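The compositional bias 'Polar residues' annotation in TrEMBL covers 693-735. Annotation comment: TrEMBL describes 4-305 as domain 'TANGO6 N-terminal'. Residues or ranges marked as domain 'TANGO6 HEAT repeat' in TrEMBL: 306-564. According to TrEMBL, the domain 'RNA polymerase II assembly factor Rtp1 C-terminal' annotation covers 774-890, 982-1014. Annotation comment: TrEMBL describes 687-767 as region 'Disordered'.
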Amino acid sequence: MKMTTALIKSLTILTKPIREAQLSDGHGTQTALVSALQRNLSELQKHISGDEELAEARQLLEEVRRDITWVCSDTDDLTWSFVQECLLLLLCLARHLNRLLEAFHQNPTAPNPATPEAAPPLSPDVLSVAQQKTLGTVLQFVVTLGLCPYLAPGVGVALGLRSAFGAAVEGAVRHDVAPAGEQRLLITTNVLLEVSALSSLATPVFTRHLGDIMAALCQLAYRPKRPEGDGTNSNKGLTVEERKSCKEALHNLLRKVYQPIVIKELLVLQGGPKQASSGSRGGGKALTQAPAWLRRLCGQLLSDRLMQPQGVQAVVRAILEGTRGGDSDWRKCDAVAKILAACPQQSLSAESYYSQVCPQVLELLHFKDKLTAQQFQRVATRAALIMVQERPEFAQRFLLFPLLSPLHHSAEGTGDDLSQDGVQEWELTRCIEDIYKICVVGSSPSEVLLKALADVISTLFSLFCFTKQNVSHLRTSCQEILIWFLSHSEHSVALSQLKHLCGLLGEVSGVRHGFQFSPGSEGGARLTVREPISDEDDALYEKVSGEQWRVQCLVQLLGEMKDSDLPGEFFLLLLQDLTAVAAEQEEVEQEVDTSSMTLLELEQHLLGRVSGHGQRLALLQVLAIMCDGLPYTQLLRKPTQLTADDYSSMGELLPHLEQISQQHPEPVIQELASDLRATIATHGAYRPKTVPKTATQHTSAQSPAQPAGHSSNSLPARTQSSRVPSRQQDRSQPISHPKHTTDSGATPKVNDIQTTGVIPKYGNSEPSSSKAFTECLLEACDPDVPTRAVALRILTRSVSDGDKEALQNKDKLLTLFLENLEHEDSFVYLSAIQGLAVLADTFPEQILERLLGEYQTGATVGSPKRERSLETRLKVGEVLMRASRAMGDLAPHYGRPLIGVFLSGTRDEDSSVRASGLSNLGELCQRLNFSLGSMAQELSTCLTALIKTDKEAEVRRAAVHVIALVIRGLSDKTTQVLGDVLLELYRALKWVVRSDPDEVAVLHAQIALEELDDVMKRFIFPQQKLEKRIVVLP
């Protein structure tokens, strides 16, 4: 180590800084630099020759001088003499450290068994921080004085453009004396490369001077020879062997260094076509344009980097590394994408280029790091879209086909090469995510991209239908891709695809025969072998229900296209097909003589008729589901311009409309028929507002659970609970229309209520609104479950909409809803619960008082049994919980009586009532904020007692959950509101974690402790805010 210290000390003497006295008015920068270099060289000679401890260093220095041949002792250039001494000392240091390292590896130091925790021995080539600083200074002098001044104009960045001191350095260097400039450049470059062979010295060399070394190697290896007539010593070229060695050194360097850094330095060397002036710091000089040979060389080297494995990633990292978002990032990403999409001139062929680059572009879509992934996805998306637009033949083969290969493998007719595992979950997930990023996020449709997606659209739709039956993270992506495809395709293509997906153009399953999509372990989907179904009835049921489910999913997909005319155009297309089918049915079928047919001809004739019936039934099914699932405004979104012929053909309706306007019992229908008759008669000159107003009422009257036009024989609860027909249904009945018997003399049907938007009326003695309210009250007591439930929902909506008559009869509605709480059907009593919650939100003071009484006593009208009373109390508790949620900021005002009732419910003998009361208490307390402070002690005592003494696990769970809800609701106000009882609650939670046998209660306690831990962390360590306050003094 003494030798290392001596060499570093010599380098320190050689690079001693210029004294301020030498930079006085009498000496310029250039003169001061030359005198400082002369002084430092003299001091170095005295130091080496006079110190006896440096004998070993002098011996090594003489050994290095004998081994090299490039030392020029009689040069007249002081700067080159200085550079030579620096290079000699660097070579001595490198050889000395290399010898130490070899000896260290040959005789490793044995670890001390007495101190196994001791650190391993330090490598002898490790330098201290001060030594690394000295080494960095020496390298800077070497590059500044021995490398940069000899670079040709335009090669690298000139010294004069880096700093004002660089201009002085250029003036101090003499090019007219030996050795020649290129020889000096070659010597300096070779020495730096030899020094960098040692890892400890390579880091300071390449981290700061990689660009200058690359520029020197490019010039030495590839700069064209100059004219032979120029015979000056400084213009002598290199030998063939020297140029060859420089080429090898350059390529070795490019392979060894981190590729993004190499690409960045090559881009700097290549420069732009026209570079702007540098400004005042460069002395007003302009940046010299890179010579043509250097631009071609850098282009070739960049193409080689790009064509290597992971080359695309290296290029993207080189350009985007260090960016932090913003508009400039978008421009950079677009520029990189254009570079990747354009085949370089140096490539052997376009096919080989795209075959190597396209897979790497797809890999850019799969990064997990958030910032990197966002930038890489931008580049990959833009590059893929540009390739598809500009080079579709290669993009189809090397980009789109690998992108869609999992869907191709899942589709029908792809061969028998699928294994029993089919397509793995990660493959489908990656495929869908990549398609979403390129198509939906990129949002640049092209004919090639849409055509490639059309080939797998059936499989993609089958996957979407599967995700609608399960919880899957692929559902939204599949839906967005399908909507994007249908929105950007031509209308004829989109309509044809919709008919194909509905099965109107033939049977289509989307996946190959014998396989099906199955749930994956990570929330995705995978293609697996379908288990065979032996029962023919079950197989038929699966087929028919699957077809109906596909149609329902397609209608839901069309429902998401609210700003598109495609659903309406598809509906009109189906109506045209239906008109053609009706015309065919009206024709009298000619008698076919089957006696003269062969069996094969007869079979074909019968199969043709059956197939035609099947297609007509499928068409009717699609129309029925569209009318059931899509609103009127979406089906007829695009207005139709009627011609004179249309009005003439509708003239036949005038007598019928006149008859309806005079004889129909409904005033609304009478008015609508009269206005329609006037519009048709005047060919649209008279346009009353009755028709659009009625259409609006028709649309607003539709319920999400039961849209307008749905038959009253189909239960709303059924449409909510299952999208696929029940297996318990009689297969002899049509699957989409289950039947229920009703009395012909019963009250009006539910679908009549929904279709017109008002309650049907018989007679004109009362106003329509009063009659509608009365009819709803009667139907709310109807024994038919659907009728009663829908009537309750209509009454609830009337209250929420502020209907005057409904608000005036709030007491009747309260009694009606309370009576329907006793009903055993969930659809009825849930409708009643919703109605009571709306009433409590509208009239909190009156309704809450009545509900609290019902909750405490548990007895309503006609409920003498204890079981029924218990169920009713729980239902009333549900009403109170919903009312508590709806209170919002009014909870402190109206919630105080509720707390007392809920606390008293915790003493009930039934555990269900105790748990219900605690659940309601938690929902209310988390909204009370500071109003909870006065009741904190009572609340804490109650909860602590229940946690430690109650025998029922569900009650203890509820009590712990109340604490969690209170802490979550108070958040940062917990220490202020619950300051007196916080320790008691904390101890109760810790007791549950340590002692409670119920795992769910322990889990709730852990969650509550985590909430409390977050609150206390924010209280003890508040967030530091860097803010500046401006105070205006009086």
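The backbone N, Cα and C atoms fix where each Cβ goes, and this holds for glycine too.
Unlike curated records, TrEMBL annotations are generated automatically.
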- Please give the sequence-distant neighbours of the domain 'RNA polymerase II assembly factor Rtp1 C-terminal' (982-1014): residues at least 6 beyond its ends with Cβ less than 8 Å from one of its Cβ atoms. 940, 943-944, 947-948, 953, 956-957, 960-961, 963-964, 967-968, 974-975
- Please average pLDDT over the domain 'TANGO6 HEAT repeat' (306-564) for the predicted structure. 87
- Query: What are the helix, strand and coil residue counts for the domain 'RNA polymerase II assembly factor Rtp1 C-terminal' (982-1014) according to DSSP?
  - Reply: 30 helix, 0 strand, 3 coil
- Tally of DSSP helical, extended and coil residues in the domain 'RNA polymerase II assembly factor Rtp1 C-terminal' (774-890): 94 helix, 0 strand, 23 coil
